[in-house]
Amino acid sequence: MMAKKYVLALDQGTTSCRAILFDRDSNIVGVAQKEFTQIYPKPGWVEHNAEEIWSTQYGVIAEVVAKTGIKPEEIASIGITNQRETTVVWNKNTGKPVYNAIVWQCRRTTEICDELKVKGLEETFKKKTGLVVDAYFSGTKVKWILDNVPGTREMAEKGELLFGTMDTWLIWKLTGGQVHVTDYSNASRTLMYNIRELCWDEELLGYLNVPMSLLPTVKASSEVYGYTQPDQFLGHSVPIAGVAGDQQAALFGQACYEPGMAKNTYGTGCFMLMNTGDEVYESKNGLLTTIAWGLDGKVTYALEGSIFIAGAAIQWLRDGLKILESAPDSEYFASKVDGTDGVYLVPAFAGLGAPYWDMRARGAIVGLTRGTTKEHIIRAALDSLAYQTKDVLGAMEADSNIKLQALKVDGGAVANNLLMQFQADILGVPVERPQVIETTALGAAYLAGLAVGFWESKEELAKRWKLDYQFESVMAEDQRNKLYNGWEKAVGRSMDWATEE
């Protein structure tokens, strides 16, 4: 027996697959990352090829092991964290997907959502799942596949198909088709799972017309689900022992273990989660109630504000407008101006998420004058991340009656000091950036390590959280209010735009 020295985190994101090795001191020993194809068949539709995701994920596993020179048998366990809601349905006999994976950002099921709302079912879904009826969540995506891909409805009725979010798909592949499971956090994003009773909800499945036989078994976020088939994992059998959706994993990696602690992750989208312990808060302000994780025999809940477009707005400046060479350049250009000169950019490219939930909103740049420069537009795009975060924090404080003391942040954009300073200024609370900003992968590693005794307790893990920098708010309150009022006006102009004539 070789000593177990590492935990491997698989981070299956929206645009890339990553494999990150952590040692016992939670240091990153190796990282491999590879992007995969984004498929846009029609405006507002987004797909991924699930087979390509698997081969990309397997490729980075092999790469990180080769690059670091470690032996696969030194890996104590594997943790998986994933883009949530993205839906794949596959044939359980052949292992082949019946259609591309439908991505969380995809709006194709807007009409299915409208039908559910017209039938007056929104409250029922909200009460049971903690979610709003929106094209974002998995349930309507599964329904769309069964309604639109020829032959799938019959196969589903015969019990020949399986549904999974990306965690489920990867575990199924890694175990050679032996294990069909998900965890509480991912199940809570499907629109089919009752977060109070902790079971798949037959009434909701009836409304969506999805057979129970498709659904995975729901387990805790930290337990041994199964073992890798040696031929699917570099010739070795390693326990898969931790799973959480990417945002819940980041909350765990940020050591937000006490009720009232919150983090904001800046990625493709922006996601703020606040731990609410065993309280299920029903949001009056457009937030989601979700399961943070299942651990030690109990479930922890969270309030979540989901912002669809954050870093993706900067990618659009780079790829769409081509006014940036690379995303990090945004800080350089934005720092060339004192502010936006009255310009606001509302990145509602895929509708608006929390707290507005307007599927028909579209992007807008307002306040343009002849004096507007590319620097102003870049600055306005960065500022939009901070404004959207303020929208969500306001809703969170109203729902929970908890006044946030500080906001922990993570994700790629937190390296941008200008953005982080503006975030602190516009919120009026300190913004805390940790030393390890890979908190999503860290959270998955922690869950997997705890399950096999690689780490003892979450108390031990909480002590490891270290601050890199605290951004203090220096903006005067009247200035903050003036800027934010302008933002609210700009959002109003972007709403209810994409209407059918």
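Heads up, the Cβ atoms here are built off N, Cα and C, so glycines get one too.
Gln315 (ATP binding site): 15 other CB atoms within 10 A of its CB, across all protein chains. Here Swiss-Prot flags Thr14, Thr15, Ser16, Thr268, Gly311, Gln315, Gly412 as ATP binding site.
Within the same chain, residues at least six positions away from Tyr136 (sn-glycerol 3-phosphate binding site) with a Cβ under 8 Å of its Cβ are Glu85, Trp104, Gln105, Ser306, Phe308, Gly353. According to Swiss-Prot, the sn-glycerol 3-phosphate binding site annotation covers Thr14, Arg84, Glu85, Tyr136, Asp246, on the basis of sequence analysis.
DSSP assigns Gly412 (ATP binding site) to a helix. Its Cβ taken as reference, Gly412 (ATP binding site) is surrounded by 17 other Cβ atoms within 10 Å in the chains shown. Under the heading ADP binding site, Swiss-Prot lists Thr14, Arg18, Thr268, Gly311, Gly412, Asn416.
Taken residue by residue with DSSP, Arg84 (sn-glycerol 3-phosphate binding site) is part of neither helix nor strand, so it is coil. Look at Swiss-Prot and you will find Arg84, Glu85, Tyr136, Asp246, Gln247 tagged as glycerol binding site, backed by sequence analysis.
Proximity of Asn416 (ADP binding site) to non-local residues of its own chain (separation of 6 or more, Cβ distance below 8 Å) is seen for Pro328, Ser330, Glu331, Leu382, given in sequence order. Thr15 (ATP binding site) has a Cβ environment of 16 other Cβ atoms inside 10 Å.
Secondary structure at Ser16 (ATP binding site), taken from DSSP and collapsed to helix, strand or coil, is strand.
When every Cα pair among Thr14, Arg18, Thr268, Gly311, Gly412, Asn416 is compared, the largest distance found for this ADP site is 22 Å.
Annotation for Arg84 (sn-glycerol 3-phosphate binding site): spatial neighbours Trp104, Thr165, Ser185, Asn186, Arg189, Gly245, Asp246, Gln247, criterion Cβ-Cβ under 8 Å with sequence separation of six or more.
For Gln247 (glycerol binding site), the count of additional Cβ atoms within 10 Å of its Cβ stands at 30 [all protein chains shown]. In sequence order, Gln83, Thr86, Val103, Trp104, Gln105, Gly267, Thr268 are the residues near Thr14 (ATP binding site), counting only same-chain partners six or more apart with C-beta under 8 A. Spatially close to Gly311 (ATP binding site) yet at least six residues away along the chain are Tyr266, Gly267, Thr268, Gly269, Cys270, Ala327, Leu385, Gly411, Gly412, Ala413, judged by Cβ distances under 8 angstroms.
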